[in-house]
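Engineer: Okay, these came from TrEMBL:
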type	residues	note
ACT_SITE	HIS203	active site
BINDING	ALA119, ASN175	NAD(+) binding site
DOMAIN	8-116	domain 'Aspartate/homoserine dehydrogenase NAD-binding'
DOMAIN	153-238	domain 'Aspartate dehydrogenase'
Amino acid sequence: MLTIGLLGCGNIGNIIAKNHVGVEIVALFDQMPERAEEMGRLCHAKAFGDIEEFLSEDFDLVVEAASVSAAQEYALSVLEHGKDLVVMSVGAFADEYFREEVTRRAAALGRRIHIPSGAIFGLDNLKIGQISGITKLLLRTTKNPRSLNMECTERMLLFSGQANECIKHYPKNTNVSVALELAAGRAVEVELWADPDVDRNVHEIFIEGDFGEATITVRNRPSPDNPSTSYLAALSIITLLKNLSEPMRIGT
Ligand SMILES: NC(=O)C1=CN([C@@H]2O[C@H](COP(=O)(O)OP(=O)(O)OC[C@H]3O[C@@H](n4cnc5c(N)ncnc54)[C@H](OP(=O)(O)O)[C@@H]3O)[C@@H](O)[C@H]2O)C=CC1
Ligand SMILES: O=C([O-])CC(=O)C(=O)O
């Protein structure tokens with residue numbers, strides 16, 4: 001069975017710990033050591049307070065569910081320790097130089113980096129953008145101000161522009177925009193709205209290209225323990241882990 005180490009023992013980490021399928025969690029790390037220890041009691045895995053010791057433990061793959069800065073800080077080290085990597089904080093790869101460095105190192109070391117579909121649908125066939133023209137790619141994200149850690153009394157446009165700029169300002173809320181960018185192999189326009197009248201994390205994706213047009217609307221339930229993060233994101237990573245060791249691959 002695939003063995004994993006969880007880097008980040010917050011909301012997504014806890015959902016994985018309680019619901020994982022087809023993998024064994026053996027090691028845990030969080031910058032708040034008490035969170036790793038508490039989770040260790042829950043899933044009988046070893047909690048580490050030191051990243052080097054965590055990465056030196058014997059397991060196959062690190063699941064990062066911590067933060068964009070954690071992904072940037074530890075990705076190379078994970079690969080150097082002979083482990084594959086699942087990155088939830090995909091905004092880390094908005095930095096092209098960093099992305100190329102990590103990809104080069106993974107190739108040299110024979111390691112793999114997996115990016116889950118996270119809080120959206122449609123990432124699979126959007127990859128056709130790597131071989132066929134996509135002329136428009138817009139993500140409109142709308143969240144309750146609570147999910148954005150702010151207050152407002154009416155619908156308000158917080159950001160309009162490119163994904164790689166948006167993620168710098170909203171690293172806890174717009175990782176999906178960078179996932180879209182990586183899948184399609186082109187820039188993504190982003191609008192980020194706060195709306196006190198919505199109780200879901202809504203992602204509307206507008207795509208036009210040689211294939212035709214597509215519009216995808218995802219109305220996500222926020223996670224009970226972290227309203228910034230949609231519950232779908234945690235389900236997505238659990239499913240990715242389940243599928244990693246299955247012989248048949250589904251989706252582009
Ligand atoms: N790709 C996608 O579609 C989506 C991605 N995400 C991203 O997934 C990640 C996890 O989400 P979620 O579980 O809800 O977040 P939480 O904040 O609930 O949990 C993250 C945990 O990781 C810890 N952490 C943060 N930085 C570091 C670090 N440098 N080293 C070790 N531990 C660290 C946090 O500590 P502390 O509380 O002290 O910061 C916290 O305990 C986030 O980056 C989020 O933005 C979320 C939704 C969708
Ligand atoms: O969970 C969501 O709805 C999206 C999110 O926070 C992100 O992409 O960072």
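Each Cβ is built from the backbone N, Cα and C atoms, and glycine gets one as well.
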Engineer: ALA119, ASN175, HIS203: which of these recorded positions put a Cβ within less than 6 Å of any ligand 1 atom?
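Structural biologist: Passing the 6 Å Cβ check against ligand 1: ALA119, ASN175.
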Engineer: Please list residues from the chain of ASN175 (NAD(+) binding site) whose Cβ is under 8 angstroms from its Cβ, counting only those at least six apart in sequence.
Structural biologist: VAL68, MET88, SER89, VAL90, GLY91, GLY118, ALA119, ILE167
Engineer: Take the domain 'Aspartate/homoserine dehydrogenase NAD-binding' (8-116) and count its residues per DSSP category (helix H/G/I, strand E/B, coil), listing them in that order.
Structural biologist: 58 helix, 20 strand, 31 coil
Engineer: What are the sequence-distant neighbours of the residue listed as 'active site', meaning same chain, six or more residues apart, C-beta distance under 8 angstroms?
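Structural biologist: Correct list: ALA119, ILE120, LEU139, ARG140, THR141, VAL176, ILE216, THR217, VAL218, ASN220.
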Engineer: DSSP helix, strand and coil counts for the domain 'Aspartate dehydrogenase' (153-238)?
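Structural biologist: Final tally across the stretch: 25 helix, 38 strand, 23 coil.
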